[in-house]
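Engineer: Residues or ranges marked as domain 'ABC transmembrane type-1' in TrEMBL: A:75-291. As annotated by TrEMBL, transmembrane segment applies to A:12-34, A:78-99, A:111-133, A:164-188, A:213-232, A:270-292.
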Amino acid sequence: MSGTTDTRRSTPLPYALVLPALLALALALGYPLVRQVVLSFQDFGLAQQFGRPPEWVGLQNYRDLVGDGYLWRVTLRTILFCLVNAAVTMLVGVGLALLMRHMARGVRLLVQTGLLLAWAMPVVASLTVWQWLFDTQYGVVNYLLTGLGLDYAGHPWLLRPLSFFFVATVIVVWMSVPFVAFTVYAALTQLPEEMLEAAEIDGAGARSRFRHVVVPTIRPVLLVVGLLQVIWDLRVFTQIFLLQEAGGSARDTNLLGTYIYRLGIGGGEFGMSAAVAMFMLVLTVVLTAPYVRTMLRQEAES
Amino acid sequence: MSRPTPAPLRAAANTIGILAFLVAAFPVYWMVNSSFLDRNEIRNPVPTWVPFGGDLDNFRTVFATDQFVNALRVSLMVTGLTVVVALAFAFVAAVAVSRFRFRGRMSFIVTLLLIQMIPVEGLFISQYKMLEAAELLNTVVGLTLVYVASVLPFTIWTLRGFVAGVPYELEEAAMMDGCTRVQAFFRVTLPLLAPGLVATGVFGFIQAWNEFTLALVVMTREDQRTLPLWLSTFTDVNRGTDWGGIMAGSTLIAVPVIIFFLVVQGRMVSGLTTGAVKG
């Protein structure tokens, strides 16, 4: 890449070219970020929404939140949900990718078609279909489970929090597995075949070949994909929000994202919700740092 | 695979493969299937697996409501504007990043990566306040502004790869043949970039067309709903009643996206993980 780069010094042209994008980002993200920091130090509730000037309260919002057991419950719930979903997605995705190498070609094509379809579905459309599948009265899931002899006729899936999160996990995993499976499978096609053969001739069993040849080859991909899953599953909003609207109890099922929404735009507590949002941003940055570092190292190498 | 897979492993892999196909594809099939079923078939405790004798009534119901047509209009406007603006901004930025070395280039790239990781929920409260103050809530312009910002980082990142893929020597050769730098760019590089621009544009389209969270925050008025918002309230209002209509609506929203997605999928996967896979 260095050979293709114009190295003439101090031309203003690249800055002019970057400017529109920078301005758009500064206006739509930079300014709100500053404004949010300010907002999180203010008492900004419904009274302010109707014109009363906001009052500076310093760290009061943060202090209230830290002392609020509910925020901690929501945070814990968010992290737990994120870890479970990321782990299940990785297990299923990596497992499928590994098995895809051993399937008959026709079956592999079938799997890839199915995964592509699931991947391509718009999130809101997926949500409506899964709600319909898990419908209490006419849902296919209850029909099939009842057919297996289980007592699931008229079972309300969204009523209890644990069962609510089970449905949410099924949907999130269903939507996320294709990306993992395809990416890992692509990495597996780059396995050094000669090395596997050499190892086999040297008497290495299947397990040791897997551990000493396969795993090291795909480790960088696994790391990036796993990290992306954690980041993405930390911010699951649409699935939880729509399932709540469809009959779940919001208070018992809120994750950080839906909590911020319901506190701020739903409840008019803008100062408090801004503080929770700042908390979520910091949490994301902490979890994202390793990913950004990896990407930058690759950038420097390319 | 040069070595043959042992038979039991192959049989197990095939079985799991078929199972995985069923789980992955069934919801999509079920959406399309249900959209052709009439009310009695939907409300039958025994599911109707194949839409034999199905009709288009559900689709007629959807189109008969003003809300759908209106949401389609809003969605098309927001999506179209977002794609055009984001593509234009991202294109020039991508040229700068991949064709020039300049001070601040690396910070710009880091900023893009960081922004890509920011969850929308982390900022939508203050974006709401900003658009409210600017009287841009419930406007196409307001929603487009936040959409452009949210697709820009990925768009620049992907286009950068495409621009870098066109050898600079080609431009130089054209310049030696008497083209100016600008002419060389427009006559040689731009045509070679067309597939990249299309793929990236399609990605932006899918993003904006599917987006739910920001639309929920910005478009609070019923007459300004986008399609995903319309679909979600359709579910809510008719809770548990008109599943046929809801599935028809879902199908209408999903089909263009699925087609587009299949077209550009390969490029997008590599865009997300280029470095990771090739490393």
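Including glycine, each Cβ sits where the backbone N, Cα and C put it.
Whatever TrEMBL says is automated annotation, not expert-curated.
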Engineer: At a C-beta cut-off of under 8 Å, are there same-chain residues at least 6 beyond the transmembrane segment (A:111-133) that contact it? List them, or none.
Structural biologist: 96, 100, 103, 139-141, 167, 170-171, 174-175, 177-179, 181-182, 238-239, 242-243, 246
Engineer: Counting only residues 6 or more past its boundaries, what in the same chain has a CB within less than 8 Å of a CB in the transmembrane segment (A:213-232)?
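Structural biologist: Tertiary neighbours of the transmembrane segment (A:213-232) are 82-83, 85-86, 89-90, 93-94, 176, 179-180, 183-184, 187-188, 190-192, 195-196, 199, 284, 287-288, 290-291, 294-295.
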Engineer: Near the transmembrane segment (A:164-188), which residues from the same chain, at least 6 beyond its ends, have a CB less than 8 A from one of its CBs?
Structural biologist: 81, 84-85, 88-90, 92-94, 96-98, 100-101, 112, 115-116, 118-119, 121, 123, 126-127, 130, 134, 157-158, 214, 217-218, 221-222, 225, 229, 232-233, 236, 239-240, 243, 248-249, 252-253
